[in-house]
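S.K.: Can you read through this structure? Questions will come right after.
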Amino acid sequence: MITKLFFHQVGDNKKRLIWYWKLLIIIAVLAIVIYSWIDNFSSFNQFGLNVFINNITSLFTPNLNHEYTLVRFLAQTAFFVTGGSFLGFIFAILFSYWTAFKIQPFYIALPIRLITIVLRAFPVLLFGFLFSNLFNKQLAATLTISWFSFLWNTKYITTFFENSNLKYFFNKKIREGSGFKAFWTTIFLSENERLWLFFLYSLEANFRWTTLLSIFGIGGIGQLIVDPLSIRVQFDLVLIPLVVLITFLIFIEVVVFLLSSFVFEKNSEDLRPILKTTVIEKRKWKRIIFILFIVVLISLSLANLVTIDYRINDAEFLQDFFNQFFQLKSNLFSSNDPNINPILMLVKLTTQAISLISLVVIFSILFGFISCNLFKKRFSISFKILLLFVRVVPSILLFRLLDPLFLEAKTTIILVLLINHGSSYGQLMSINFNKANQNIINNYKNHGMTKGFILWNYLLVENKPNLINITSDAYDSVIRDLILFGSFGGSIIGSRITNFFERAQFDNLGSVTIPLMVYLIAIEIIFLSVRLTRISVFKNYLY
């Protein structure tokens, strides 16, 4: 009876939501999105344009007499990012084996999965501050990168395992009786190209993330950009390290693109006798490049491990922190002030996330559409290069430049994160659009259909599952970024975490952070439940 109230039958085993319920949902979603826009976008600051122009002028008038020590900071960055990313990736592979529902029994995978969800719920701000207070800069940076890489690679690699065809794994597991051996031979070795791609994308993201790490006082070349933009803003000290950082990031992007396109990408090989020599030669070069890649990776990781100072600065600090962290202050929750009550802070954070994610989805589709193969190659490549340059510009620099233009910092943060996430997810949407059936697209073109018509009636329909996945991933990501930018006014809750930690008010810190963690855990469990339903884990793998 309840089913008939909401759905109507369109086939033997297929039901569809009744149109007026669908319309009601659309109206409700639009109302929430519009409210979030109104609540989070402030007016343009009419006096800020001159400040913005002066900041741009100062940025492009570098101080040539300042000593920057670029080589040392760049080498330090390469060491701790590579070493931390590699260490986190190794642990992610192991944990993904134990958390994949299609590989492990449900009673094993679920508890370990929940542990990783809880660990991921700790704000990056919190661990960044903890590590930077306990260890020296290089060790703190390595641990933060490792922690971040481990938790997020575990999530994505586990999803990859659960979406894979594991027939050969189960057959080998039954024959040999060893689950890990079967996993190693049928999944890890056969899919190692795809797994290395996860590492490359993680490595690239971590290099771009180094400037944000410097907020915690962690070293690296990002520190040369963050320090002049902190208390006493000095744009004239930013350009030279910025050019070096952007050049280095573009080099990393090019290396990742070449490795992912020619070394780690699975391509079908033409084994005709006439081309056999070419195929063998190609395999040989791929093997040589792969060996060189591994040698460089291990060398940088070992260099990082050797040069780290492993001393702990203040062991008692950690004990004091956790003794106070779980002593929640009930008076904060009874306040009606959204700047004090943690629950009201979460409501505000949610409206910020909704306003941002709605724009990210729109601009991701737009950017992906403009840079896909529907347009002339020269135009799409030019736009991809533009997105690349936008993506590698540090977010903190964009914030300092754009902030005078608006009356409230929260508007600036949303625009900065929109630029960052829109360009990143736009690249992903472009890849998905380019996988569409070219024959169908040509058929639309032959019938005189416009590019906009093809986007709306074919590309978006075909990529609906990808768009849903991107939206869920982006929602989780933008919430964490809003928290991270709290020290710049990005979110009340992020600002409170920063202030309470700096003042050593760890009981107040716990009162704000624990509800936030529960909120993040709830969101991830909801997304996980949707995914479990899609892979039918309860039906096929509950044993």
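Every residue gets a Cβ built from N, Cα and C, even glycine.
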S.K.: Per Swiss-Prot, which of 141-161, 183-203 is transmembrane segment?
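M.R.: Checked against Swiss-Prot: transmembrane segment maps to 141-161.
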S.K.: Under a criterion of three or more Cβ pairs within a distance under 8 Å and sequence separation of at least 6, are the transmembrane segment (379-399) and the transmembrane segment (413-433) in contact?
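M.R.: The transmembrane segment (413-433) and the transmembrane segment (379-399): touching, yes.
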S.K.: Honestly, do the transmembrane segment (482-502) and the transmembrane segment (115-135) touch, with at least three Cβ pairs under 8 Å and pairs 6 or more apart in sequence?
M.R.: yes
